[in-house]
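Here is the structure we will look at, set down as structure tokens.
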Amino acid sequence: MIKIYNTQTRQKEKFQSLELGKIGMYVCGPTVYNYIHIGNARTFISFDVIRRYLEWRGFKVTFVQNITDVDDKIIKKANEEGRTAAEVAEEYTKAFIDDMHKAGVKDPDIRPKATEEIPAMIELVEELIKGGHAYEVEGDVYFSVRSFPEYGKLSGRNIDEMESGHRELRADGQGIEDRKRDPLDFAVWKAAKPGEPSWDSPWGKGRPGWHIECSAMSRKYLGLPFDIHGGGADLVFPHHENEVAQSEAACGCTFANYWIHGGMLQINSEKMSKSLGNFLLLRDVLERTRPEVLRFLMLQTHYRSPLDFSDERLAEAEAGLSRIENTVKNLEWAIENAQDIPSPLQTKPLMKQTKETRNEFIVAMDDDFNTAGALGIVFGFVNELNAQVAGKTVSITDVPCLRQAHAVVVELMSVLGIMMGGAQEVSYPDAVVPLAKELAGYTGANPVQAVEVLLACRMEARKEKNWELADKVRDGMKELGLVIEDTPQGPRVSVE
Ligand code: AMP
Ligand code: ZN
């Protein structure tokens with residue numbers, strides 16, 4: 001059973017998806033005005049691993065990540081460089097996607113851009129105004145924080161103790177604070193200023209506020225409520241708090257069931273950030289480091305803890321990862337060069353350990369994605385394998401056992417997004433049958449849930465005309481002793 005630390009409840013909770021076997025997940029994407037630094041990359045890599053793990057555990061994950069391509073910082077950069085905001089955003093969106101590919105981060109299923117989703121945002125703002133949760137002042141629209149009594153629940157703040165944002169001055173010299181009914185209110189729509197990108201709206205030309213973007217895009221692509229919302233811990237307040245307020249005020253329902261926040265990457269115990277100037281660009285670090293090594297370094301720390309980055313740690317990560325890679329190579333060598341000789345190995349305990357390693361890895365990862373623990377399990381196994389195999393010629397009778405050990409190391413590392421030994425990308429279909437088996441195990445003699453997962457998956461596969469997957473599921477069911485028969489009333493399952 002997967003447990004997730006939920007920021008909203010400040011405790012680890014059993015994870016239960018809204019729909020059996022499916023997960024809707026939204027992770028805030030970058031504001032594209034510069035290349036991303038390795039702090040940003042840490043957050044994206046953490047969520048890449050969480051997503052890979054959930055997929056491997058048999059969930060069909062719909063992963064949505066936005067691109068914030070209209071924002072004060074983009075406009076400022078464009079003005080400084082004599083370019084349009086769209087040009088700046090396009091350049092850095094491309095660079096971001098390129099960087100993510102280089103870092104081995106899987107593409108999201110849906111990557112909406114704010115500038116292409118303006119109608120959904122306007123619609124949401126209109127709903128908020130209608131519901132008495134937002135109001136217009138000369139082309140600006142503000143969310144009325146006090147209209148949402150639960151404001152503060154995500155970040156655990158008390159509304160009466162909050163300070164309003166910094167005093168901003170508009171072009172006409174009037175303070176924004178003077179225009180708002182309450183200093184805590186925040187903009188969901190901003191009236192156009194000269195030279196800024198703008199869109200027509202019921203309140204005149206303008207552009208969306210940052211927070212409304214994510215509320216509108218997550219709702220559009222995942223529907224409300226959805227399962228998991230994520231981002232870096234620096235987004236909890238105000239960004240995510242405001243998303244919750246807008247979304248829940250508009251729909252009258254829960255926004256997201258689980259909130260996951262990643263800890264900050266630091267240099268000399270200080271948060272890496274563009275504004276502090278202590279940042280290392282991901283692309284620069286990847287010029288001198290393999291992406292797997294950077295990922296390995298990051299996964300040695302739990303995703304919620306702060307992580308201090310240094311060149312020493314990078315060198316340690318290189319050494320650690322090489323140990324696992326060398327073991328995989330040793331196994332390959334041993335398998336290829338096996339001889340017809342008596343076995344020098346303890347294959348029975350090795351087979352047992354192979355199975356246990358996989359199970360213990362799952363236990364660690366099920367516990368709020370404890371990648372550090374999971375890597376520790378892999379290390380334990382690798383040490384044992386090295387002790388047994390390194391520098392030895394093995395018997396051909398040992399080969400099946402070594403193949404299995406090899407497959408497990410390669411598989412577990414690939415779940416973390418670290419490919420070696422001819423690993424294939426972890427994919428959802430391959431994991432459906434193991435998930436169903438596990439569900440069948442959980443429910444004892446009643447594998448109803450397992451059957452449901454399998455049938456849902458097969459139906460989806462057939463809808464998408466993915467016959468290969470549909471057959472795979474059917475065969476997997478057969479393995480479980482479940483025979484599927486298609487009747488005019490739909491599929492019927494009987495126990496063999
Ligand atoms: P931004 O483009 O600033 O909105 O940041 C994109 C993502 O990177 C957000 O999820 C931030 O929380 C995250 N982020 C920013 N700085 C750091 C850092 N030093 N460590 C980890 N994540 C960060
Ligand atoms: Zn967001």
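Cβ from N, Cα, C; glycine included.
Per TrEMBL, the feature Zn(2+) binding site maps to C28, C214, H239, E243. Residues or ranges marked as ATP binding site by TrEMBL: K274. Under the heading coiled coil, TrEMBL lists 314-341. According to TrEMBL, the domain 'Cysteinyl-tRNA synthetase class Ia DALR' annotation covers 360-427. What TrEMBL lists as motif ''KMSKS' region' is 271-275.
Features as recorded by TrEMBL, highlighted on the structure.
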| residue | record | DSSP (3 states) |
| --- | --- | --- |
| C28 | Zn(2+) binding site | coil |
| C214 | Zn(2+) binding site | helix |
| H239 | Zn(2+) binding site | helix |
| K274 | ATP binding site | coil |
Cβ-Cβ neighbours of C214 (Zn(2+) binding site) (radius 10 Å): 28
Surrounding residues of the coiled coil (314-341) on its own chain - C-beta under 8 Å, 6+ positions past either end: 289-290, 292-294, 296-297, 300, 378-379, 382, 385-386, 389-390, 392-396, 398-399, 402-403, 405-406, 409-410, 413, 418, 420-421
Candidates near ligand 1 among the binding-site residues C28, C214, H239, judged by a Cβ under 6 angstroms: C28
Rounded inter-Cα distance in Å - H239 (Zn(2+) binding site), the residue listed as 'ATP binding site': 18
Spatial neighbours of the motif ''KMSKS' region' (271-275) far in sequence, C-beta under 8 Å, 6+ residues away: 34, 37-39, 234, 264-265, 309
Spatial separation of K274 (ATP binding site) from C214 (Zn(2+) binding site) - C-alpha basis, Å: 22
The residue listed as 'ATP binding site' to E243 (Zn(2+) binding site) - Cα separation in whole Å: 24
Around the Cβ of C28 (Zn(2+) binding site), the count of other Cβ atoms that are within 10 Å: 23
Sequence-ordered binding-site residues from C28, C214, K274 with Cβ under 6 Å of an atom of ligand 2: C28, C214
Averaged pLDDT, computed only over the residues in the coiled coil (314-341): 97
Extra residues within 8 Å (Cβ to Cβ centroid of C28, C214, H239, E243), Zn(2+): W210, H211, E213, S215, H229, G231, L235, H240, N242
Packing count at E243 (Zn(2+) binding site) (other Cβ atoms within 10 Å of its Cβ): 27
